[in-house]
Amino acid sequence: MPNFGASLHILKVEIGGDGQSTDGTEPSHMHYENDENYFRGYEWWLMKEAKKRNPNIKLIGLPWAFPGWIGRGQNWPYNHPDVTAYYIVSWILGAKQYHNLDIDYIGIWNERSFSSKYIKLLRYTLDKQGLQRVRIIASDNMWEPISFFMMFDCELHQVVDIIGAHYPGTRTVPNALATQKKLWASEDYSTFNDEVGAGCWARILNQNYVNGNMTSTIAWNLVASYYEDLPFGRDGLMTAQEPWSGYYAVEGPIWITAHTTQFTHPGWHYLQVDGRLEHGGSYVALTDGLGNLTIIIETMTYRHSQCIRPPLLPFIVLPQKATFYLKGSFHKVTILKMWYTKLGFKSANSTLFHPLPPVKVHEGMFSLNLDVDEVYTLTTLTTGRKGTYPDPPQSKPFPSNYKDDFNIRNPPFSEAPHFADQTGVFEYFVNTSDPGDHIFTLRQVVVQRPITWASDADQAISIIGDFKWVNVSITCDVYIEHLGNGGVFIAGRVNNGGIYVRHSKGLFFWVFADGTYQVTGDLSGKEVLMKGMSGVRARVWHTLTLNLKGSSASGSLNGYPLWENVTLSETSHGWAAIGTRSFEFAQFDNFHIEAS
């Protein structure tokens, strides 16, 4: 929301591609070639909520993964560029048709290769659909080789509007500058949102422009709303990872953001100033061209402003007196409002986004005494506001007794709460073939391996619960749809997810359509602890129960013991999970966990 909190200018969302994209999978609007659904996942909701608060916020869409049908059997989206362009443009058209959302920018493929042919075809397809206003960002990786190609391919140079680099370390390269295109840090930050994270964010927000001429910096990620023990836990501008309790934490990075975003807007431009303070630190100056001026100063020290990447070379920042001279039309400015942040590492007592008395400007000159690890905003604008918010509910662990029967006729989201899909996509499903107890179920719907961004597992898996859980009893009704080699599992003490999901260990209880079962110590099924006949058949509902207590495990089928006395050695704690043997349709119902 403008002039409240972070006052964000840009929201960048993933175009869900059914594949793992760091901490989970996001569903595609087209799981299959003849399938379109623009109500899956949470990104539509998120964009609409952002627009409610700031109708002028800019929207960016970028794919990490693509559904498998686009690759025609290859793990590559560019062999059939017309198909990929059709898929992406369909998402943009769907955003408008079903949600009245205008997408402003579109990317190519997150941190992966680009194809000049595809980028040109994407521009052609956008124009053909009346989407001339949608701008193209490329390539969401490094400055090179996209900058090099643009220098020698005038058509590519013409269709790429913005060069976006990830984690540039505040630096650019000569080729990128030579293109004379806008340069953005189109993904940056990714740092734990404590005070060091706030220091990292303060430093790069200024120095991306001072050192690298970047006029936009986009933080990954917006809100850390995923299990903290997944990769990059709490690497968001704020934290809201307990939907069961409602607890959230507004961290320093929110208020560092406000120092820039509350006092500038898209369309403002940077003034060409030196930007480097004499004794370390930086400043930037921006104007709307209509007489308003905003200056942001940061004095972050090396130890207190290291981002997660890239490595930062040591530097020194000292307390200093800095004198500023306003020239041209700004010479007439007599007063500047001032906002102040001090990151208090020694006392753990920070001052965050606090208004100070205005600074008087005498004949275009003013001076400030700057200490280290501070941020100042000086501005002609009078609209700054910290904004208040209620105290959040108390933090609580995941419920130790949790049930979900998935009986929701019109679910607000396509996915069940608290389940975090790590490979595959698990969606609410109306099972019209079963008029009995299993009309409303949760179904795994990805039946072809997607064009992956990360190392998705060969099995579909969705995790849930508390990573600290040790002793659990998990019960779930399961329905194998694949007659041949179909199979499903329930699991406990699962110790890995996100980009490391392939390497998950734990205790996995599998049943297969051929009437066999297995107990394994890993998701890949290589570490077999017990196996035998179960009598399970496809297209019949069965109830699985897994009990884990201490170093021992047992399992039941339809209420009767099937195996027992399996010893757990690898993992001592972890999430619960459900999943499938491969990319296949399968259903789950009446999920219940009891943890002690």
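Positions of Cβ are set from backbone N, Cα and C atoms, glycine also.
Unlike curated records, TrEMBL annotations are generated automatically.
If you check TrEMBL, you get these features:
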type	residues	note
DOMAIN	2-262	domain 'Glycosyl hydrolase family 59 catalytic'
ACT_SITE	GLU111	active site, proton donor/acceptor
ACT_SITE	GLU187	active site, nucleophile
DOMAIN	270-384	domain 'Glycosyl hydrolase family 59 central'
DOMAIN	421-595	domain 'Glycosyl hydrolase family 59 C-terminal lectin'
Rounded Cα separation (Å) that holds between GLU187 (active site, nucleophile) and the residue listed as 'active site, proton donor/acceptor':
10
Sorted by position, what residues of the same chain at least six away from GLU111 (active site, proton donor/acceptor) have a C-beta under 8 A from it?
ASP140, ASN141, HIS166, GLU187, TRP453
Mind checking how the domain 'Glycosyl hydrolase family 59 central' (270-384) divides into helix, strand and coil residues in DSSP?
5 helix, 51 strand, 59 coil
Counting across all protein chains shown, how many other Cβ atoms sit within 10 Å of the Cβ of GLU187 (active site, nucleophile)?
23
